[in-house]
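Listed features, source TrEMBL:
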- B:6-26: transmembrane segment (TRANSMEM)
- B:33-53: transmembrane segment (TRANSMEM)
- B:59-82: transmembrane segment (TRANSMEM)
- B:89-111: transmembrane segment (TRANSMEM)
- B:141-158: transmembrane segment (TRANSMEM)
- B:189-207: transmembrane segment (TRANSMEM)
- B:213-232: transmembrane segment (TRANSMEM)
- B:239-256: transmembrane segment (TRANSMEM)
- B:262-283: transmembrane segment (TRANSMEM)
Amino acid sequence: MQAHQRMLDPTPNGLHSGESPLLKTVGLTKRYGDFLANDSIDIDVWPKEIHALLGENGAGKSTLVKAIYGLIQPSAGEIRWQGEPIVLSGPSEARSRGIGMVFQHFSLFDNLTVAENVALGLDGKESFKDMSARLEQVSRTYGLPLDPGREVWQLSVGERQRIEIVRALMQNPRFLILDEPTAVLTPQEADQLFVVLERLKTEGRAILYISHKLEEVKRLCDTATILRGGKKIQTCNPRQETAASLARMMVGGEIREVKAAAGRQTTIPRLVVNDLSLAPDEAHGVRLEHISFELKGGEILGIAGVAGNGQDELFAALSGERPSKDPGTIVIEGIAAGHLSITKRRKLGAAFVPEERLGHGTAPRMKLSENALLTGHAASGMVNHGFIDTAATLKTVDKATETFDVRKAKRDPEAASLSGGNLQKFIVGREILRNPAVLVVSQPTWGVDAGAAAVIRQALLDLAAAGAAVLVTSQDLDELTEIADRIAVMFHGRLSAPLAASEATREKLGLLMGGSSLEPKEAAHAVGA
Amino acid sequence: MELVEAIILSVLAASTPLLIAATGELVTERSGVLNLGVEGMMIVGAACGFGGAWLTGSIFIGALFGIIAGVLMSLIFALMALGLAVNQVATGLALTILGVGLSGLIGAGFVGERLTPAAHLHIPGLTDIPLIGRVLFGEDAFVYFSIALIIGVWWFLYRTRAGLILRACGDNHVSAHALGYPVLRIRTLAVMFGGACAGLAGAYLPLAYTPFFIPGMTAGRGWIALALVVFASWRPGRLVVGAYLFGAVTILQLHAQGWGVGIPSQFMSALPYLATVIVLVLLSRARTGGSTAPAALGTVFVPDR
């Protein structure tokens, strides 16, 4: 009962006289030059609490947890641990006080073994042998199996995260920070993680949980603090909120609803893949095996799957970064294109948006106009007798800026100076403005804030409505069910038969993503029963 | 027999500076820093080493001067490449150019002077064993030290926690920083160790190899040491093999000319580099995964604080 009241009134002076939160920040501020990454933030985290930290990219979540973990020094304000103000000289002091952290971008060393990685996260007071024995014991206790002798590059994403979690647990933390832990997991893997987190909670530990996924937060967390633009907006009980109300607090306004145009017509097949198999070109690549699908104009096909199951290889094969020997495996607009170069495929009317924005989608240190030229030179009239038509390239930038609301400091800045969401809007816009017949796009809204994501998804829907064939690869199942007509799943280089979006439940997709087969008959049977 | 023994002795002598300099560079590169200034640090070490020994009459103090000179040179590199995050390749090349000029200036007064070279071990009975006696028990202190050094480095890298942290910095400096390790401090220490080794390797030349100083006497040995680290795929064990192999090639080149073998000496001089290229090709073909080179090698790191 008391726990319930605390959520309603999280101020320490309210119902908790005599008690103090495990960790409290008071007016915590971090300034980078003129930019306030954290503006006077107060949060309280209590034992036996899973406390969500919600906010868009750039809201200041990572800055806040870095300060709590001692990675950066706050410019003002203080951190109180069990009521006592503390100044953390660095992560090792945070760890020795009982603060642990599991990083979003894994802080692992690919060429070191699991045991060495764990040792680096501890303070080295025990021998390597004792540490290894304890590693085995902790991983068994929490049901997180690990092989200490393997090097990290050999492991799957889920296994890598297990290392991070076990490493944090081995410090026996009383306060554990998790930064977007489920971003890379299948729904089933995420469920397993929640079991571990619930167990940690019952053991009396406190968890600070950063996530974008609102449904997940509603299910798992007792308290949620919402940050926006470096400021704390509110602390609330997420179970009493709706996903929409949480999203409103995060964005500070309504998110544009993504709507498909009614009565979208499918036309002729514009992209056909026939039994495409391709050996990997690097040591830990994935072999594509017998991939076939047909994509008509006016249709969006979604490809789901855990990262590293051949999505990158499929993108490279479709875009022509890795041409195949057999022309017939890929047919664009009725023309066998499997052997063609990227430029020739663009001339057939195809456009491509890769996953990595900086370095793959754009040349980071080149201007936007130059980046527009890089993909538009063959088919968009930006080159005149071998000379660049600068006015035309700038016009493309202006048009993409206007149509897709790209926010930037000047007319033609370097690609690297744009925020992730704005750069992604520019890249998607650059391709869409070419009026492609086929658009292949990989992770269109990865690491993009909710507002920009809505713009991009709407643009993809509009493009399909205008008659183009759109292929979207994404790890975000909500995104795929929102925009795709059909969804197929990649696992170990194979592509499942597409499911109609209306039939593609999280459970079915999750099974396929984990490699279970889903016989069409069985699935139909299960639905019938 | 006499000839075989003489060849082995001269191979050991020619290999020792390569081994010492490459050991230092191996540690530097394992921490993620590519210091191409080995040649420059060596030649300054040679000039200062000779100067120190000539002024004091002590080979030991000469070696110490060489080490200090190498460390000072490496600190210039650390200031630029680590402190100011300047491109490591450009800084390393500049350091070599600086070193060649500086050594000429420092050594100008010593050209033409002679020293008594470093004493060789002599254990009555053992040293007199035919063929292997002088090879095993009749070397100078530098040779024994170089072997102790590489064993010590192997032990440090693979058996100590500090070595694990150093390797971690070379693999992923962002992760190392996130875990709270002082990446730049660790790298500075590694660069200084590399400088000390290069300075000592340079000092070996006028103190033990040839008992006088001439400008440019390192004659590209710093570059061979750099190639050697790659040849050894950043592993201490392979580094020893590579050092003696490369040393043998340089000696064979002299003997081949003496015997009138019709191989151009330029080809023999190019052999270490050719061997390195071939090893790189073989390694990348045989690679099953992971990374042979330290993954963060040569990349600039600026911590956010």
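In case you wondered, yes, glycine gets a Cβ from its N, Cα and C as well.
Fewer than three CB pairs closer than 8 A are found between the transmembrane segment (B:6-26) and the transmembrane segment (B:59-82), and contact between the two stretches is not assigned (pairs 6 or more residues apart). For the transmembrane segment (B:189-207), the partner stretch with the most Cβ pairs below 8 Å, chosen from B:59-82, B:213-232, B:239-256, B:262-283, is B:59-82.
A contact between the transmembrane segment (B:89-111) and the transmembrane segment (B:239-256) is absent, since fewer than 3 of their C-beta pairs, 6 or more residues apart, lie under 8 Å. Non-local neighbours of the transmembrane segment (B:262-283) in the same chain are 220, 223-224, 227-228, 230-231, 233, 245-246, 249-250, 252-253, 256, 292; each lies 6+ residues outside the stretch with a CB under 8 Å from one of its CB atoms. For the transmembrane segment (B:239-256), the neighbouring stretch richest in Cβ pairs under 8 Å, chosen from B:33-53, B:59-82, B:141-158, B:213-232, is B:213-232.
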